[in-house]
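Residues or ranges marked as domain 'LD-carboxypeptidase N-terminal' by TrEMBL: 52-166. Positions annotated as active site, nucleophile by TrEMBL: Ser147. Annotation source TrEMBL lists domain 'LD-carboxypeptidase C-terminal' at 214-330. Under the heading active site, charge relay system, TrEMBL lists Glu245, His316.
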Amino acid sequence: MRQDPRPLLSRRTLIGGIAAGAVAAAAQSAPARAEKNKTRKPSKLVPGDLVVVPAPGGPTTAAAVARGIAILEGWGLRVELTEHALDTYGWLSAPDADRLADLQYALDHSEAKAVMTARGGYGTTRIIDEVDFDGLEDHPKLIVGYSDITALHLAVHHHTGLSSLHSPMVAWSSNNTAATAESLRTALMTADPVVLQRDPLEPTAAVEVPGTATGLLYGGNLSLLDAEPDDNHLPDLEDAILFIEDTDESRYKIDGMLTRFTRAGHFDGLAGIAVGQFTPYEHDEYTEGEWTMNEVLMDRLGGLGIPVLGGLKVGHGLDPRVMPLGSEAVLDTDAGTLTIEAAVAD
């Protein structure tokens, strides 16, 4: 995947009522899964709470960050940028040691209630194995981000069991809308369930295998899930719902990533799959046969024998929504919904 607009750098190259009722029903089967994956929730944010902003991946601009800060401050939140959040070092925001120090500072911060990354891009995987997560045990906080930040979500779930938010970041993209912002505010500052509705206009809306599924929701960017070495931080996916999205990846590479997941047994015992936005890759190396992205997704996912729901407005596309991760969820293809417990507690 590639969030950075520079044309020759892709991430793969660099890496090598109803809602409450549904969630309440799912929660009846949650204790065993929670015990298995150690799930717990940080507190919701309230006006006056502090959000710390590191940039563990790629660089961004002060103007984009200022747009996001203005939104957060408009909700009464305080924002602190880490020392190197606005630096640039090649395709990274800063050298590894500086990005690691900034991320560690944010995670350990005794006052912060959330760590919302400045941007994704590439670079979190270069430092994630050096991060100490003990500070989150003493001072639990909400982790907010997506794309390259999938690596951080996975590590946080693995080491602490804390729920988190797959969400646009502080460097506010032009893809984001007022509805995106409201989705973020609700997910940060209320304990209301999140209901994601299949959008018939989303290109992946046709990706579907009928059925219902209940389980803890994990996942994120498919490239980052695929890049996790030796399943280092992958959660236990048995009886779970897996969410996937990606951007700027060729169809044959998506085929390859899903094939590796199958061969590694990651789909074994999975309860269901939720599919978000797969934004186009402009220069697909393989055009023979002219498979569409949806055909690739159905070819690899359609025969797993589990429900699959596509068309969710979550990912790198237009008008995205915020999605809790590590929370109990109900997937229902008849209703076209993914209903998720809040990532935060009252």
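Cβ atoms are placed via backbone N, Cα and C, with glycine included.
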Under DSSP, the domain 'LD-carboxypeptidase C-terminal' (214-330) has how many residues in helix, strand and coil?
-> 31 helix, 31 strand, 55 coil
CB neighbours of the residue listed as 'active site, nucleophile' within 10 A?
-> 30
DSSP composition of the domain 'LD-carboxypeptidase N-terminal' (52-166), residue counts helix/strand/coil, works out to 52 helix, 21 strand, 42 coil
The number of other Cβ atoms within 10 Å of the Cβ of His316 (active site, charge relay system), counted over all protein chains shown, is 23
Here the mean pLDDT of the domain 'LD-carboxypeptidase C-terminal' (214-330) is 93
